[in-house]
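Note sheet for the following structure.
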Amino acid sequence: MRIVIKNGIVIDGFGGEEKADILINYGIIKGIDKNIDVSDAIVIDAEGKYVLPGFVDMHTHLRQPGFEEKETIRTGTESAAAGGFTTVACMPNTNPPIDSEVVVEYVKAVAQREGVVKVLPIGAMTKGMKGEEITEMAKLKKAGVVALSDDGFPIMSAGIMKRVMTYGKMYDLLMITHCEDKTLSGEGVMNSGIIATMLGLKGIPREAEEVMLARNIILAKATGAKLHIAHVSTKGSVELIRRAKEEGVSITAEVTPHHLTRTDEAVYNYDTNTKVFPPLRTREDVEALIEGLKDGTIDAIATDHAPHTKDDKKVPYDMAPFGISGLETAFSVINTFLIQTGIITMKALVNYMSMNPARILGISNGIRVGATADIVIVNPHEEYTVDKEKFKSKGKNTPYHGMKLKGVVEYTIVEGQIRYQKNKKFEKVEI
């Protein structure tokens, strides 16, 4: 399949930004120039639109195997394509967890057969994600995991976590940590503060995140492991990460679109779609997260896409599961609240959502001749109203339902194949 993308504003991920055409032939970018004309090619007119390296999500929950009522690899990757993501890294909190090479191979096989975008498995740090016995990391790496994490089941034992990092360093595996001291978070369901008190809901204090983050930084410094901090949510965490980077610790961090744009005030109406972990914090925290993103303390924007069924969320707030379905609104949310307001540029977004996540995960990305054609075309000016019922994901749990957002994904191209086109039903063609 040959594709020519014409007249778009190309941000290549390497510092370049220009109006140009792109020629794609059999999955590879063959030309970037003015006025490319070839016969027998699909022509995409990108006039007035941005042509960007495909987004890479470091933190996606695809739920398969074990929780297919919430999401499958098929529906999750369809959702990813609709959001402009060409690659997603899937968390190991499945049933069974991704803690053995057998489960890794299963995920890869299903992704190859049914996936719409590229899927990178993340392996568990401990068997069953129980925080007791470390997994066989050499076998997991050989099977194809790109990182290790126990996701929402943080390892409470510092001794075991140090062993995990020591072996992770040995096998050159990225350590992705969900920083939570469960003795501090307890049964909390939202940010600890005046709003939680007013609503009669149990709070989760900042210290629950910051204490565990501080411990993990100390262990990473001691072992030399590559540490990545998932879904940073507090001002104190930003300060800890900034200091760690200044001290030379091998540390990177991510923040979600919802933590960058929403506060605990969103919980006022007890909408369970605002229940997420870590919880939505205060305006002061949001401002610190944005500043951390801008100054390089935080490296990436990741969705923490956590789909749930409608019945899961149709319960009292304190009984509902944590999680937001975030793949399909990520670009629009960042574009609306950060780009259109002048806080960051589209070129910066490419770093946060395309290039830095790829670099951290150890994969290639970017638009240049000879590169794999993983590309997203976006219209930053088109406004739409979020309708959760139109999501490709099984998870309709979004706090943005009914909200007007600016910025839509027009096309998602994965290895030279059109995997998503706005307003067109998708039919998978083998890559």
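Heads up, the Cβ atoms here are built off N, Cα and C, so glycines get one too.
Together with D151, H231, Swiss-Prot lists one candidate of H178, H305 for binding Zn(2+) 2, that being H178. Among the candidates D295, D299, D304, the residue that Swiss-Prot annotates alongside H59, H61, D151 as binding Zn(2+) 1 is D304. Cα of N93 (substrate binding site) to Cα of H231 (Zn(2+) 2 binding site): a distance of 16 Å. For the pair R63 (substrate binding site) and H231 (Zn(2+) 2 binding site), the Cα-Cα distance reads 19 Å. Neighbour list (H59 (Zn(2+) 1 binding site), Cβ cut-off 8 Å, at least 6 residues apart, same chain): A89, M91, I176, A230, H231, E254, T256, A302, T303, D304, H305. The residues near the Zn(2+) 1 site, meaning same-chain residues not in H59, H61, D151, D304 whose C-beta sits within 8 angstroms of the mean position of the site's C-beta atoms, are T60, M91, N93, G152, A230, H231, A302, H305, A306, in sequence order.
G323 (substrate binding site) sits 10 Å from H61 (Zn(2+) 1 binding site), taking the Cα positions as reference. Across the recorded positions listed here (D151, D304), the residue whose Cβ sits among the most other Cβ atoms within 10 Å is D304.
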